[in-house]
Amino acid sequence: MNLFSWTSWIRQHARILLKAAGAEMASVLLTVLTAWECTNILNGLFLSSFHSLKETAPDFLVLFLALVFKALSNHYRQKKCLRLATNLLYICRQHLHRHILCQPIKQAGTLPVLAIETIDALAPMLTRVLPELLSLLIVLPVILLAAAMTDGLSALLFLATLPIAPFLLYLTGQVTQNASRREWHHLEELSAGFRILLSGMPVLKRFRQEQAQRLQLKQFSEAFAQSSLQVLRLAFLSSFVLELITTLSIAIIAVSIGLRLLAGRIDFQHAFFILLLTPEFYQPLRQIAAAFHSVMTAVTAKKRLQQEGIFQPAELQPSSPAEVRQKAAPTSISIRSLFWRYPSAQTDLFHGLSAEIPAGKITVITGPSGTGKTTLLKLIAGLFPACSTMICRTGGNGVSYVPQTPHLFAASLADNLTLFHSAPKGPLRYALRMALLDRWAKSLPNGMDTQLGDGGQPLSRGQRQRLGLARAFLQDRPLLLLDEPTAGLDRETEQQVLQSLCAFHRGRTIVIATHRPAVIALADHQIHLEPPEDLPYDHHN
Ligand SMILES: Nc1ncnc2c1ncn2[C@@H]1O[C@H](COP(=O)(O)OP(=O)(O)OP(=O)(O)O)[C@@H](O)[C@H]1O
C-alpha cells in the first residue's frame, strides 16, 4: 500500500494538508509574536521606558489576542489531522472488507487483529505524528529565521544541535523495528489461539480437556506481554535519550546567551526573546520522540497489512457510487465448460456448463429450484473463486449484484442506499423512483434520514428487495445481476419494476435468475438450467 508513499499520499490529501499547514504557519507566527510581546512587556516594565502597567496595556492586548488565535489555529490543525486519520481508517477498513469478501484470508485467526488492532495502530501516526512533522517542516525554518534576525550565534547553535535528535531517532528505529514485529507476531498468535480454543470448546468440554488449554493460552499471553514490554522499554529509552538531548541543547543555548548577557554583548530583550523561542524550536522533536512508540507500531502495522496483500496502491480511493457512475461498454459474458461444486458437496453442481450472455441484453436464468441459478449469478459476480477462462467477461468493468434478500444495515435509509458513501440527492431520488420507493420514502417522518432496524426492520420483503434494486440503480454499473427481483411482489408492482428495468437496461447487460413468467417474457435471451442428471449440457439460445 502506498499509504506512506508520501508523494501519492500527499497528492490525494493535498487540500486538507494545505489547510493544516496553513494553521500551523499561523500558529508558529503567533508563537513568535507572543514571545516578542512577552519580552516587550518585561523589558518595558522592569528595564526601560514604561513606567506604569497602563502603558503596557496595548502589548497585553496583543499578547492576549495572539494566545487566543494560537489556540484556535492549533485546534483547527488538530481537527484536520483527525479528519485525515478517520479518512485513512475508513479506507483501510473498506479494503480489508473487500479483501475478506473476495478471497478468504489464509489464517482466519489473524482477522480480528488485522481488523481492529492493526488498522487502529495507523491512526496515531496521523493524529500525533503528522501534526508534529508539519510543525517540524514549518516551525523550524520560521524560528530559525526569527533567531537569525535577532542573534546569529544562537541560530548557528540551533542548526548545529538540530541533526542529533533525528539521527538518534533513526538509530533507535532500527533497534525497535524487530521488537515491534515480534510484538505483532505474538498478538496474532494469541488471537489465533483464542479463536481455535473457542471453536473447539464443545469438543474440549465433552472430553473435559478445557482446563488443559489454559497453560497454552497462558504461554501465548506471557509471550505477548513480554514482547510488548520490550517495545515499551525501547520506546521509553528512546524518548528519554531524545528528551535529554533536547534539554542539553536548550541548556547550551541558554548558557551561551547568559554569558554574553553578562559580558554585555547582547541586550536583555533579544536574549530573553531567544530564550523563549528555544523550547519552541525543539518542541516538535520532543513530541515526535514522545510519539515514537506510535510511529514504530504504525510502521509495523503497515507492513503487516501489506503482507496480507490487502492494499494495492491504485485502489486507495474509496469507490463511491458517484465514482462508479461512469459510462462503460455493456459487458458480455462467455461461460465455457464450467465445472464447479461447493466444497461441502459430493457432486458437481455445474459439470461442463457452457453459455453466452450477450452484451446490452436482458438474459434470464431459469430452471427448477436447486439447479444452481443463484450459484451461477454468484460465480459471474466473482463472489466464488472460479477459473477466469471458464467465465470470461468482456466490455465494461463493474458489477452490481442484488441477492434474493439484500442485506440491510441498522442505519439510515440513505446509508442503506448508498452503502455509507456520500451521494448527491438527485441520483438518490432517481434510484428510489425507479425502484418504486419514492412515495414511501417521502411518507417517512424523517425521509432519507429515517433509521432502519437490524435486517431492515420494519420494511416488508418486497420493499427490502426494491431497496436492493435501488442500490443497483444508484451504482449504475454496466453489468447488473438480479436474483429473483420480483419474487415478493404483486403482479402490478412486478410490472412496474419490470418497466423500470427496461428503461434502465439501455446500454447495460442484465442477468436475472427467476421463475416468474412475466420476467421470462421480458428477456432477450434465456439460459435454462437442468437438474444434474441431465449432464452434460450446453445452453446456447
Ligand atoms: N453454501 C452452500 N454450500 C453447499 N451447497 C450449497 C450452498 N449454497 C447452495 N448450495 C446447494 O447448491 C444447489 C444450488 O443452489 P442455488 O441456490 O444456486 O439454486 P437455485 O437454482 O438458485 O435455487 P432456487 O430456485 O430455489 O433459488 C442446491 O442444491 C443447494 O443446496
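Every residue gets a Cβ built from N, Cα and C, even glycine.
Here TrEMBL flags 60-297 as domain 'ABC transmembrane type-1'.
Regional average pLDDT for the domain 'ABC transporter' (333-541) in the model is 85. Residues or ranges marked as domain 'ABC transporter' by TrEMBL: 333-541.
The transmembrane segment annotation in TrEMBL covers 16-36 (among others).
Annotation comment: TrEMBL describes 56-73 (among others) as transmembrane segment. Remote same-chain residues near the transmembrane segment (56-73) are listed as 23-24, 26-27, 30-31, 33-34, 37-38, 40-41, 44-45, 50 (criterion: CB distance under 8 Å, separation of at least six residues from the stretch ends).
Residues annotated as transmembrane segment in TrEMBL: 129-149 (among others).
The annotation transmembrane segment is assigned in TrEMBL to 155-172 (among others).
TrEMBL lists 234-259 (among others) with the feature transmembrane segment. Under 8 Å from some Cβ of the transmembrane segment (234-259) lie the Cβ atoms of residues 151, 153-154, 157-158, 161, 164-165, 168-169, 172, 175-176, 179, 266, 271, 274-275, 278-279, 282, 285-286, 289-290, 292-293, 296, all in the same chain and six or more residues away from its ends.
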